[in-house]
Amino acid sequence: MPESQDIISQSIPSLTQFLGEEQARFPNIPTAIPIIIQAMATSARFISKAVVQSMIDKDVSFTESLNCSGDTQQKLDIVAQSFFLEALEATHEVCAVISEEADSVVPLRNKNARYIVALDPLDGSSNINVNSPIGTLFSIYQRISPSETPIQDADVLIPGKQQLAAGYMLYSTVNTLVYATIYGVHGFTYDPTVNQFFLTHPALRMPENGITYAINHSYLHTFPHYIQNYIAYCRRQELTSRYTGALVADFHRHLLEGGIYLYPPTYKRPKGKLRLMFECNVLAFIAEQAGGLATDGKQPILNIIPRHIHQCVPFYIGSKTMVKNLLNCVG
């Protein structure tokens, strides 16, 4: 390693160091939280390598199965879930996982553990074969029922405002980890030369306004009229449209630079497409801790009580001023 790079790495806290320091500053954070976040970060390194290897082996292929949301699964969706399940079980802090790629709750062998993780193992996996960004989303809940008993619906069907922490990994030109607790939002960048994440974006705050919006324009004619009116407003304001097809990537841009992401209901999907528990709650928690807003058009995302773990909702998230302007169009 060049000497200058070594000096830089030594002067910036690693994820491990920062989690320890944050635990010391805020003793109310359960000791399990940094352990779980560290396990997610470790798994992300392996997943990044698996994605690269799949490209080299030209094995970016789909399975013959659909997940519960009706999306065709790629092999890497299943591989990623396996990595995370193994890592989370090894923490001894997680009793169960709910995943976009699993039909129902996945119990782990840690019967005495008090925490449940909601997980989207590989967001935007259809982007892999064209080398576009992909991501992972996760959040942490505390179970309600007693330890050593089967997981109950009440343990998982709870509003997102009860999340203890939430985060995502973005696999792109550099690999990034962002996580949030009630004490703030922080971003880390992966340095492959030392195999660690380093704090590069401390105490993130989402700008109150922005100049970009993200929406799939190909469905514009199927959106409700109020969304069509809002898009017309964005165009009159000469806002820039940026849409990658990977939720994590689009949100990350808006977290850093300001903007709004929209996934409205359509004729074919009147209840929306994005999963409340695996995608919307995760990013809504991060956005609100960073000063942004997230809504389904009627109520804050974090207030919604899920009916089932794979529930879908309309989703609007981003800079506070832009989301409020959208809600004015909804009326």
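Along the chain as shown, residues are numbered 1 onward.
Using N, Cα and C of the backbone, Cβ positions are placed for all residues, glycine too.
Per Swiss-Prot, the feature Mg(2+) 1 binding site maps to GLU100, ASP120, LEU122. For GLU100 (Mg(2+) 1 binding site), the Cβ neighbour count at a 10 Å cut-off comes to 24, with all displayed protein chains included. GLU100 (Mg(2+) 1 binding site) carries neither a helix nor a strand DSSP state and counts as coil.
According to Swiss-Prot, the Mg(2+) 2 binding site annotation covers ASP120, ASP123, GLU279. GLU279 (Mg(2+) 2 binding site) counts 27 other C-beta atoms within 10 Å of its own C-beta, drawing on all protein chains shown.
Under the DSSP three-state reduction, SER125 (substrate binding site) is assigned to helix. Listed in sequence order, GLN74, LEU76, ASP77, ILE134 are the same-chain residues at least 6 apart in sequence whose CB falls under 8 Å from the CB of SER125 (substrate binding site). What Swiss-Prot records for ASP123, GLY124, SER125, SER126, ASN216, TYR243, TYR261, LEU262, TYR263, LYS273 is substrate binding site, and it gives sequence analysis as the kind of evidence.
Under the DSSP three-state reduction, GLU279 (Mg(2+) 2 binding site) is assigned to helix. The separation of ASP123 (Mg(2+) 2 binding site) from GLU100 (Mg(2+) 1 binding site), Cα to Cα, is 10 Å. The secondary structure of ASN216 (substrate binding site), as reduced to three states from DSSP, is coil rather than helix or strand. Of ASP120, LEU122, ASP123, GLU279, all annotated as binding-site residues, the residue with the shortest Cα distance to TYR263 (substrate binding site) is GLU279. Other Cβ atoms within 10 Å of the Cβ of ASP123 (Mg(2+) 2 binding site) number 28 in total over all chains. In terms of C-alpha distance, the listed binding-site residues ASP120, LEU122, ASN216, TYR261 place ASP120 closest to GLU279 (Mg(2+) 2 binding site).
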